[in-house]
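Structure, as structure tokens:
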Amino acid sequence: MARSVTTRHKTIATVAAWIVALLIFFPILYTIITSFKSEQEAIQGFSIIPSGTFESYSEVQAQSGYFKFFFNSVLLSVGSTILALLVAIPAAWSMAFSPTKRTKDILMWMLSTKMMPAVAVLFPIYLIFRDTGLLDSRIGLMIMLMLINLPIVVWMLYTYFREIPGEILEAARMDGASLWNEIVYVLTPMAVPGIASTMLLNIILAWNEAFWTIRLTTTEAAPLTAFISSFSSPQGLFWAKLSAASTLAIAPILIMGWFSQKQLVRGLTFGAVK
Amino acid sequence: MATQQTRSLARFMMAPSVVLLFVWMIVPLVITIWFSFQQYNPLNPIRDGFVGFSNYALFYSNPAFLQSILNTLTLVVSVLLITVIGGILLALLIDQPMWGQGIVRILVISPFFVMPPVAALVWKNMIMHPQYGVFADIARFFGAQPIDWFGQHPMLAIIIIVAWQWLPFATLILLTALQSLDGEQKEAAEMDGAGFISRFIYLTLPHMSRAITVVILIQTIFLLSVYAEILVTTNGGPGYASTNLPFLVYQKALLEFKIGQASAGGVIAVILANIVAFFAMRAVGKNLDK
């Protein structure tokens, strides 16, 4: 008896959850479906079975050189993440293993920089970029994205590093390991999973950043966020093309995101929810 | 335990992060504050100079200012309500035993990874378009008049889009918190005859309270600066109907070149964010002590 109740309960939960999940996922699904339609089909009313043409994909590349934007997105997100890691790993390491009285204050202060509204400094940044020739340059935007995400990277690494037991380091120290050896042979192997998680989350955040990437670029350094935004002007209906461009823009990050659910929770809650 | 050598090394390792963030925070902010007291128009440099608080006065007296503050708050509060309540319900649902839970999770979390311009354009064109959108198809199917979302209810449309982006985040965080709830506690409560509702109120909700706080605080930071969603859908209109504070500052700075006023608006945005940040930091800081 109890078993049949459980099965019924499970069936109801399954049906309800799947319906809600599919509704939430629908806009993405419909975008993917539309990307395989022709332009004509795309505006002919609701249908979930496309004719299966790859026309839009090849046209997006032919007309706008899509892959340049794609390449910029990859370069900017990966580049800015590596830069951020280079700066943040030493900082997080020292805060986790030689904390001082001020460590907590410094961490909080770093987090507070994340709360400054970007728009408040839009014009100064614009001026600085213009005067230093960084406007619409990949390196400028890479630095920008690095700075934006640096607090999250430091925080996330810090919460991972803090979980590495200090006794191991002390034991290594007792054995006469130098600080350098300690880092290379003891700390690094234990820290790699945390660093990888941080990297994954940060690439996602940088890929989707849609304020500076739109405002500080025009053509050369423009990533996908800027390219997709250019579809907002209503010059005709190119929904199949828009869908193809969108699908390509979100697919890699969607797949990465699926694998990083745990890290996402941890990274974005600053270790408060695990 | 730490020797003098390791201590100075620690400082040395921290320096790049601290210096970079300090420069990144202070330099542009000081320039913004400086400009907020200046008349500065790159197109018309003749009248440039110090003007005291008149930029603030101009920005305040602009009817768009009040509207934008109101829109900013409406957006933040509505999206928070939808995502927190919806997130709790969804988390409770997904936490039930079911088939294909992993896939359900993946489907629900997906919108969070969609970049804002894509999310906004997909909703604008394929879902909410008054003629060809899915909503219009549904309305026509039931014999109703399709709604012109961005013309008639621009704020509502933007709230729906932004809520769609953030509901997955809230759900994921709350689900994680829910799943860390001790199974034995739940069973004990069940044995004692506690119904679903009382179990939820006395056991689950208190357990999730910290996660809920974190969701509210983090979302608030991001929701205060919603930008791309407005840019590609309504462009702030009609009129100023869907202009929030960041968007107004952007318009003043890069479209009208009223740098002084834009900077005054930016300073106001900083103050607003600081009020929120104050509470956020306290909550996160408390957490750090544990």
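From the backbone N, Cα and C atoms, a Cβ is placed for every residue, glycine too.
Owing to the predicted nature of the structure, the values given are computational and were not obtained by experimental measurement.
Within the chain, the transmembrane segment (B:12-37) has long-range Cβ neighbours (under 8 A, six or more residues past its boundaries) at 50-53, 55-56, 259-260, 262-264, 266-267, 270. Look at TrEMBL and you will find B:12-37 (among others) tagged as transmembrane segment.
Residues or ranges marked as transmembrane segment by TrEMBL: B:69-94 (among others).
As annotated by TrEMBL, domain 'ABC transmembrane type-1' applies to B:69-280.
Here TrEMBL flags B:106-123 (among others) as transmembrane segment. For the transmembrane segment (B:106-123), the residues of the chain that approach it from at least six positions outside its boundaries are 90, 94, 157, 160-161, 164-169, 171-172, 227-229, 231-233, judged by C-beta separation under 8 angstroms.
Residues or ranges marked as transmembrane segment in TrEMBL: B:155-178 (among others).
Here TrEMBL flags B:208-228 (among others) as transmembrane segment. Long-range contacts of the transmembrane segment (B:208-228) within the same chain, counting only residues at least 6 positions beyond its ends with a Cβ under 8 Å from a Cβ of the stretch, are 72, 75-76, 79-80, 83-84, 87-88, 116-117, 120, 158, 162, 166, 169-170, 173-174, 176-178, 244-247, 250, 269, 272-273, 276-277, 279-280, 283-284, 287.
Residues or ranges marked as transmembrane segment by TrEMBL: B:259-281 (among others).
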- If one takes Cβ-Cβ under 8 Å and requires six or more residues beyond its ends, the residues near the transmembrane segment (B:155-178) are 71, 74-75, 78-79, 82-84, 86-88, 90-92, 94-95, 105, 108-112, 114, 116, 119-120, 123, 128, 149, 204, 207-208, 210-212, 214-215, 218-219, 222-223, 226, 229-230, 233-234, 241-242
